[in-house]
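As written in TrEMBL, here are the features:
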DOMAIN    16-264  domain 'SMP-30/Gluconolactonase/LRE-like region'
BINDING   E18, N154, D204  divalent metal cation binding site
BINDING   R101, N103, E121  substrate binding site
ACT_SITE  D204  active site, proton donor/acceptor
Amino acid sequence: MSSVRIECVAREGYRIGESPVWDEKEGALLYVDITGRKVCRWSPVTGQVQAIPVDAPVSSVALRKSGDYVITLGTRFAALKWKEELVTTITQVDKDKTNTRFNDGKVDPAGRYFAGTMAEEIRPAVLERHQGSLYTLFPDLSVVKHFDQVDISNGLDWSLDHRTFFYIDSLSYSVDAFDYDLQTGKIGNRRSIYKLEKEESIPDGMCIDTEGKLWVACYDGGRVIRLDPETGKRLQTVKLPVDKTTSCCFGGKDYSEMYVTSASDGMDKEWLSRQPQAGGIFKITGLGVKGVPPYPFAG
């Protein structure tokens, strides 16, 4: 193992930092602050963060093939034009539910945007259960609902051969796998591949490396863990200086750096004084593995 180094690169104290995505064209890290209602872009060259305010909780951001970005905003899939700071609704889900919002989302290898919903939280990880669903926005802008009865729809990614879809419903404390049909975007045969240990707490965002191993950010666990989806074994634990680690992605020039988002919502003054970097964005180097570049939305 090479020596792992952790650095806080953006100390803005986000309420719920989430959905980190490397934008290779801009050479920058994209992410959102869900309850802070902003989409952010951090440049490693300048060290500066640009932020675009939006009118609802914004829970994920993805690249778009035609340029700019797509986001999940409240219960809407929306397009974001960065320079113009312009948000336009593509379509809305959960129209029959007044108290839900989107949570994590990611684009599959065929350019479809997968994202799931959850009930609005009363306080962090406390909410009305089974209110969420998992959806896909197709490149033709149609939407398919895969299943409902979800608590907190969270981390998602695809195996290197694109035959398996990995998914986290946080309050199940499990990382699940589905058979995946890349041609149609259909999923099936759900099974659990890893159950979290007590000290790992709540599974949140997730990404995959070029060796096909999964990295999962553990909310309230203050760590990211590396899992082998074939054996169901934990291979590595990287602890961070904050408890509320929310998601992770690979980025940098050759995708050898890991970026981890975190949250500060639900922390009192005393807790925050012990963890002044809560809500910060962290860069981890020296992991000795690389990640897979994000896929852009094809619509």
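Glycine is treated like the rest: Cβ placed from N, Cα and C.
Positions of the features from TrEMBL, shown on the structure.
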| residue | record | CB count, 10 Å |
| --- | --- | --- |
| E18 | divalent metal cation binding site | 27 |
| R101 | substrate binding site | 24 |
| N103 | substrate binding site | 26 |
| E121 | substrate binding site | 18 |
| N154 | divalent metal cation binding site | 29 |
| D204 | divalent metal cation binding site | 29 |
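Other than R101, N103, E121, the residues of this chain whose Cβ falls within 8 Å of the Cβ centroid of the substrate site are, in sequence order, I34, P57, S59, T100, F102, T117, M118, A119, E120, L127, I152.
Taking the centroid of the Cβ atoms of E18, N154, D204 as the divalent metal cation site, the other same-chain residues with Cβ within 8 Å of it are S19, N103, D104, I152, G155, I168, S170, G205, A217, Y219, T246, S247. On the backbone, the CA of D204 (divalent metal cation binding site) and the CA of N103 (substrate binding site) stand 10 Å apart. Ranked by CA distance from E18 (divalent metal cation binding site), the binding-site residues R101, N103, E121 have N103 at the top as the closest. A straight line from the CA of R101 (substrate binding site) to the CA of N154 (divalent metal cation binding site) spans 12 Å. You'll find the Cα of E121 (substrate binding site) roughly 14 Å from the Cα of N154 (divalent metal cation binding site).
Across the fold, the C-alpha of N154 (divalent metal cation binding site) and the C-alpha of N103 (substrate binding site) stand 6 Å from each other. Along the domain 'SMP-30/Gluconolactonase/LRE-like region' (16-264), the predicted structure has mean pLDDT 97.
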